[in-house]
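I'd like to ask you about the structure that follows.
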Amino acid sequence: MGKIAVLPGDGIGPEVMQQAIKVLNKVSEKYKKTFEYTFADVGGIAIDNHGTPLPDDTVKTCENADAILFGSVGGPKWENLPPEQQPERGALLPLRAHFKLFCNIRPIKIFNPLKSASSLKEEYIPNGLDIVFFRELTGGIYFGQPKEISADRTVGKDTMIYSKPEIDRISRLAFDAARLRSKKVTSVDKANVLMNSIVWRETITELHKEYSDVELGHMYVDNAAMQLVRNPSQFDVIVTGNMFGDILSDAAAMLTGSLGMLPSASINESKFGLYEPIGGTAPDIAGQNIANPIAQVLSAALMLRYTFGMDEAACDIENAIEAILEEGYRTGDIYNKGSDQKLVKTDEMGDLISAKI
Ligand code: NAD
């Protein structure tokens, strides 16, 4: 049995989450795997109902689960609260810290039927795009100490630090993932300038001896930024530190041309994970049954792959989505006016995907 803490959150969160559950129920039937869902409040709705964006009961629900399926949090109603009480800062960051989610996984995939939505001309992505980022999430310059501003506020200081065990554990996950894909890892660093990058490069090179069936390449972060917009198809799995991964994965996300299509995962050493779309709560379209549920459904697919080890079921979902898009079904955000595409609502998209499983 798989125990899932379901945290739909705010805005479009609940509507797209319903579709993810619909698809998971279909997977459950087909693969004879039972899922138990426990719903809990998080974000703005938790502030309204319990006075805090991350109530203790919600944390307990997550502790009793194998994975968290997260929607998104925030919205205009809570925007003027102090930063630590804001839905995103007050819920997501503490959850990541509490569960030691050190590895952020972000697939950047352009489904073939959506190639024209990319910010790149089709000639740069002749075979579409299918990259996965493994970004270290709990170390590096965002957390290194000392981190301070001088009393007269004229000097700011951050510390970029990485140690061998931190590099080793994320690199292992990247190599393992590459084995399920095209067996190619690119490690991104700045080893020509940064000491912690030298340790990064040496550590992953040493670990590579255990993964000699996987090809390992190294690239400086400035070159990686250029290559991502010049020839992104050369990449398969990219592994990198916290800040480099933050910047590069956002730039790469834009290559796909649609926020409503991108999932992400943050996992820890015991494969417990928080799975969520990279987009926000889309308050402009919330409650209208027009949001694109695909990112949320793909987040559920990542959960099957990384927490439950159900790679075949995850591929099943991804293929179902590709097939539906191939047949011309689109939600408003990816619909081309004047085309012969079929415009569908959020729940219809959920029905179409689950019918294909
Ligand atoms: P957003 O991602 O919510 O929306 C940006 C644009 O993309 C909007 O036009 C929206 O309609 C569209 N969009 C996003 N997801 C979509 C989907 N699934 N289907 C169709 N269209 C979609 O970003 P924003 O407007 O900057 O933020 C809105 C709120 O979400 C803010 O309160 C912000 O703090 C919060 N937010 C939360 C998270 C999170 O929970 N992880 C992440 C980003 C933003």
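Cβ atoms are placed via backbone N, Cα and C, with glycine included.
Pasting the feature list from TrEMBL:
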- Gly75, Pro76, Lys77, Trp78, Glu79, Asn80, Leu81, Pro82, Pro83, Glu84, Gln85, Gln86, Pro87, Glu88: NAD(+) binding site (BINDING)
- Arg96, Arg106, Arg135, Asp222: substrate binding site (BINDING)
- Asp222, Asp246, Asp250: Mg(2+) binding site (BINDING)
- 3-353: domain 'Isopropylmalate dehydrogenase-like' (DOMAIN)
- Tyr142: site 'Important for catalysis' (SITE)
- Lys190: site 'Important for catalysis' (SITE)
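I'd like these features described in context: how deep, what's nearby, how far apart.
Glu79 (NAD(+) binding site) falls outside any helix or strand according to DSSP and counts as coil.
Asp222 (substrate binding site) counts 13 other C-beta atoms within 10 Å of its own C-beta, drawing on all protein chains shown. Asp222 (substrate binding site) falls within a helix when secondary structure is assigned with DSSP.
Tyr142 (site 'Important for catalysis') falls within a helix when secondary structure is assigned with DSSP.
Long-range Cβ proximity for Lys190 (site 'Important for catalysis'), meaning a same-chain Cβ under 8 A and a gap of 6 or more residues, is found for Ser197, Tyr220, Val221, Asp222, Phe244.
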For Pro83 (NAD(+) binding site), list the number of other Cβ atoms lying within 10 Å of its Cβ atom.
8
Please go through the recorded positions Gly75, Lys77, Tyr142, Lys190, Asp246, Asp250 one by one and keep those whose C-beta falls under 6 A from any atom of ligand 1; give the result in sequence order.
Gly75
Since the record lists Arg96, Arg106 as binding-site residues, which of them has the fewest other Cβ atoms within 10 Å of its Cβ?
Arg96
Of the binding-site residues listed here (Gly75, Leu81, Asp250), which is spatially closest to Arg106 (substrate binding site) when Cα positions are compared?
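Among Gly75, Leu81, Asp250, Asp250.
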Among Gly75, Glu79, Leu81, Pro83, Arg96, these being the binding-site residues, pick the one whose CA is nearest to that of Asp246 (Mg(2+) binding site).
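Comparing Cα positions, the closest of these binding-site residues turns out to be Arg96.
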What are the sequence-distant neighbours of Lys77 (NAD(+) binding site), meaning same chain, six or more residues apart, C-beta distance under 8 angstroms?
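Residues satisfying the criterion: Gly44.
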